[in-house]
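Asker: Feature annotation from TrEMBL assigns transmembrane segment to 12-35, 47-80, 101-120, 327-346.
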Amino acid sequence: MILDRYIQREIAKPAVVICTILVFVFGCYIAARYLEDAVEGQLSGMVVFFLIVLRILIALEVLLPMTLYLSVIIALGRLYGDSEMMAISACGIATGRVMRSVFLMGILVGGVTACFSLHIRPWAWERFYELKARALVNFDLTRMQGGNFYEIENGDRVIFADRVDGQANYARKIFIQTRQDRELQIIFAQEARQRRDEKTGRPVLEFKDGYFYEFSTVKNQGRIMHFGTSMIRMEPRDPRRDFKIKAATTASLAGSEDPEKIAELQWRLSSPFSAVLLAPIGAALARSSPRRGKYAKMPAAVVVFAIYYNLSAVAKKWVGQGVLTTFPGVWWVQIMMAVLVGAILWRPRITIFRKA
C-alpha cells in the first residue's frame, strides 16, 4: 500500500506541470486561429476568449490521457535512473506490483476522461457553435478593413468593401454574396451604411446606387436589377442549420445506423480506454539503465503517441465515410493497443518462469 501511494504520488507530481503546459500550448494554437478574426472585426475579444476556453474543454479528452502517459514515463524514468526500481526489485517486489499502481492511475484518469468525452465534450461543442453563430450574426461594418474579404455564417455570406470609414459608419463600393438554398444572391453598391432596426435591434445594411444579381445554382436562369436604395437585415441563422454530430448528446447517438454517428459514438466510448492502455505502455517505455535520465525515452514516447492518435483519428474518419465497417470500427486500434499491453504484462512472467 505504501509503495502504491509512493508510485502514484511520483506520477502525479509531473502530471500537473505537463497538463498545464499542454493546455497552454493548445490554447496558444487555438488563439492564433481566432485572434485573426478578432483583429479583422469578425469576433470580439470576449467571444474569442470563450471560444478558446470551450476548445480547451473539448481537447481535454485527449490531453488528459496524454498527460498521464508522459507522467508515467517521466516518473518511472526517474526511478530507473536513480536505481530506485532496482532497489524495489531487490526487496522482492515484482514488476507487476508497479504495473498495478500504474493501472490504478489509468483507471482514475480514464474515468475523468469518460466524463469529458461523453458529456462535457458534446456540451462544449454545442456552446461553441451557438456562440460563434451569434457573434457572426452581429457583424459590424465599422470594424471592417477596406480591401479585405470577410466570410460570415460559415461562408454562406461574403462581404467586401473597397474603403471603410468607421467613424462615419460608411463604406464605399461594397460587395455582398449570399448563398440561400439553391440560389446565389449578389449585391454591389456604391455605398452602404449600417444601422440598427428600431423594432428588433438587429443590424441592417442600407445600400445606395447599386445592382442586385440573383442566380439559380440548378437552373440556367437569373435576374439583374438596379436600385437606388436597398437594405439587408442580418437575421440570425436557424441553429439547426449549424448542427453537427460532434455537438449531439451521447444518448442521441446510441442506436443510430448512420456511419458518421456510429463513428462519433465509438470515438467517445474509446477515449477513456486510451488512458488505461497508454499508462502501461508508458511504464514499459520508461525502462532504462541507471543514470540515463528521466527524459531519455521521451522522443520515442511522443512518436508512439502520435502514431496511436493518428490511427484513431483515421479509423474514425474511415468509419464515418463507410470505408471501414462499423464493427470493429475504431475499436481495432484499441484492440491492437490491448494486445501490446498484454504482451508487456506477460513478458515479465515469461522471464521469471525461465529463470525458475
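Backbone N, Cα and C define each Cβ position, glycine as well.
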Asker: Which bits of the chain, at least 6 residues beyond where the transmembrane segment (12-35) starts or stops, bring a Cβ under 8 A of a Cβ in it?
Answerer: 43, 48, 51-52, 55-56, 59-60, 63-64, 66-68, 70-71, 74-75, 105
Asker: Let me spell it out: take the transmembrane segment (101-120), skip the flanking residues so only those 6+ beyond its ends count, and list any with a Cβ under 8 Å from a Cβ in it.
Answerer: 3-4, 7-8, 11-12, 57, 60-61, 64-65, 67-68, 72, 76, 250, 267-269, 271-280, 282-283
